[in-house]
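This report refers to the structure that appears directly beneath it.
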Amino acid sequence: MLTFARQQQRRNVRWLLSLSLLVLLATLLSLCAGEQWIAPGDWLSARGELFVWQIRLPRTLAVLLVGAALALSGAVMQALFENPLTEPGLLGVSNGAGVGLIAAVLLGQGQLPGWALGLCAIAGALIITLILLRFARRHLSTSRLLLAGVALGIICSALMTWAIYFSTSFDLRQLMYWMMGGFGGVDWQQSWLMIALIPVLIWICCQSQPLNMLALGETSARQLGLPLWFWRNLLVIATGWMVGVSVAMAGAIGFIGLVIPHILRLCGLTDHRVLLPGCALAGAIALLLADVVARLALASAELPIGVVTATLGAPVFIWLLLKSAR
């Protein structure tokens with residue numbers, strides 16, 4: 001038994017080290033790739049100063065943090081709702097953040113500062129997450145809870161479409177493209193949003209014990225002495241914060257929160273002590289690679305990154321559904 005535990009621990013360490021190395025390689029690729037390939041040896045040149053340090057570095061950091069946040073949000077929500085198919089986009093949390101953002105643009109008539117827009121996006125994500133948690137407390141079946149989340153997402157999407165369709169504001173039309181997901185407008189002025197993500201990401205990665213208990217089910221967690229009301233609400237706030245900040249920075253990006261935790265679980269990383277940091281690293285890798293594809297797929301334009309993640313993630317999602325039905 002002790003030998004098996006040691007083998008499992010070594011295997012987990014190898015996984016985390018491998019993912020860390022892949023994050024480093026994906027970061028280097030993101031900094032080099034673009035309309036002009038800039039090798040690391042040219043990063044200190046005048047061209048490198050502009051393209052790498054002023055344009056690509058803030059974008060790469062934002063992609064890395066948002067990918068980690070979305071994957072962690074998916075892992076936390078799957079433990080919270082005891083449902084392996086939940087994720088922020090599928091349950092409408094991302095759309096809730098979008099509604100908060102568009103409401104801020106409408107009510108503020110485009111005059112609100114960036115930090116106020118970010119806070120409104122966070123508030124929208126929190127409201128939808130709290131509504132979902134309210135549904136979960138009514139002991140709905142997993143399928144009904146999923147349907148409730150999908151319905152909330154559709155309602156939020158409809159509200160955004162109505163607002164954009166009837167608006168004459170150029171800002172709201174731009175938001176329609178932005179809600180498809182993209183990092184094209186990220187620069188150092190959004191650094192406060194990146195900083196706002198870091199402490200929550202670190203805190204979530206340290207909460208393996210309550211999440212392991214929650215993953216056992218509400219009854220088992222209560223029998224083990226976990227204060228359910230406190231931890232559920234705290235994790236809901238943290239998840240809403242991560243999703244809201246991510247949407248404020250890059251728009252709605254789907255499937256990262258669903259696919260990444262599933263893939264890692266299929267690889268044997270079921271303990272949240274390993275799953276949480278693994279999700280953060282793997283989410284960062286996936287979104288960095290998707291961002292590189294979005295930048296390089298078209299010669300004279302940039303694909304919305306939400307399109308790339310949906311194209312790659314939807315087939316995986318269907319496969320997971322079929323696998324869970326067996």
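One is the number of the first residue shown, and numbering goes on along the chain from there.
Note that Cβ sites are derived from N, Cα and C of the backbone, with glycine treated the same way.
Look at Swiss-Prot and you will find 15-35 (among others) tagged as transmembrane segment, backed by sequence analysis. Among residues of the same chain six or more beyond the transmembrane segment (15-35), those with a C-beta under 8 A of the stretch's C-beta atoms are 43, 51-52, 56-57, 59-60, 63-64, 267, 269, 274, 277-278, 281-282, 284-285, 288-289, 291-292, 295-296.
Distant neighbours of the transmembrane segment (61-81): 23, 27, 30, 87-88, 91, 93, 132-133, 136, 142, 145, 183, 186, 190, 193-194, 197-198, 200-201, 204-205, 211, 214-215, 232, 235-236, 238-239, 242-243, 245-246, 249-250, 253, 256-258, 260-261, 272, 275-276, 279-288, 291; these residues of the same chain sit at least 6 beyond its ends, with a Cβ under 8 Å from one of its Cβ atoms. Per Swiss-Prot, transmembrane segment is recorded for 61-81 (among others), and the stated evidence type is sequence analysis.
Feature annotation from Swiss-Prot assigns transmembrane segment to 88-108 (among others); the stated evidence is sequence analysis.
According to Swiss-Prot, the feature transmembrane segment maps to 112-132 (among others), an assignment based on sequence analysis. Remote same-chain partners of the transmembrane segment (112-132), defined as residues 6 or more beyond its termini with a Cβ less than 8 Å from a stretch Cβ, comprise 81, 88, 91-101, 103-105, 145, 148-149, 152, 156, 189-190, 192-193, 196, 236-237, 239-241, 243-245, 247-249.
Positions annotated as transmembrane segment by Swiss-Prot, on the basis of sequence analysis: 146-166 (among others).
Annotation comment: Swiss-Prot describes 184-204 (among others) as transmembrane segment.
The transmembrane segment feature in Swiss-Prot is assigned to 240-260 (among others); the stated evidence is sequence analysis. Remote same-chain residues near the transmembrane segment (240-260) are listed as 62-63, 66-67, 69-75, 77, 85-90, 93-95, 97-98, 100-101, 117-118, 121-126, 128-130, 178-183, 186, 190, 193-194, 196-197, 200-201, 204, 279, 282-283, 286-287, 304-306, 309-310, 312-314, 316-317, 320 (criterion: CB distance under 8 Å, separation of at least six residues from the stretch ends).
Cβ atoms under 8 Å from those of the transmembrane segment (274-294) belong to residues 12, 15-16, 19-20, 22-23, 26-27, 29-30, 33, 59-60, 63-72, 74-75, 182-183, 201, 204-205, 207-208, 211, 253, 256-257, 259-261, 263-265, 302-305, 307-309, 312 of the same chain, restricted to positions at least 6 beyond its ends. Annotation source Swiss-Prot lists transmembrane segment at 274-294 (among others).
The transmembrane segment annotation in Swiss-Prot covers 302-322 (among others). For the transmembrane segment (302-322), same-chain residues at least 6 beyond its ends with a Cβ under 8 Å from one of its own Cβ atoms are 84-85, 177, 179-184, 250-256, 258-259, 262-263, 286-287, 290-291, 293-295.
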Review point. Counting Cβ pairs under 8 Å that are 6 or more apart in sequence, does the total for the transmembrane segment (146-166) and the transmembrane segment (88-108) reach three or more?
Key: yes
Review point. Which bits of the chain, at least 6 residues beyond where the transmembrane segment (184-204) starts or stops, bring a Cβ under 8 A of a Cβ in it?
Key: 54-55, 58-59, 61-62, 65-66, 68-69, 72, 76, 114-115, 118, 178, 238, 241-242, 245-246, 248-250, 276, 280, 302
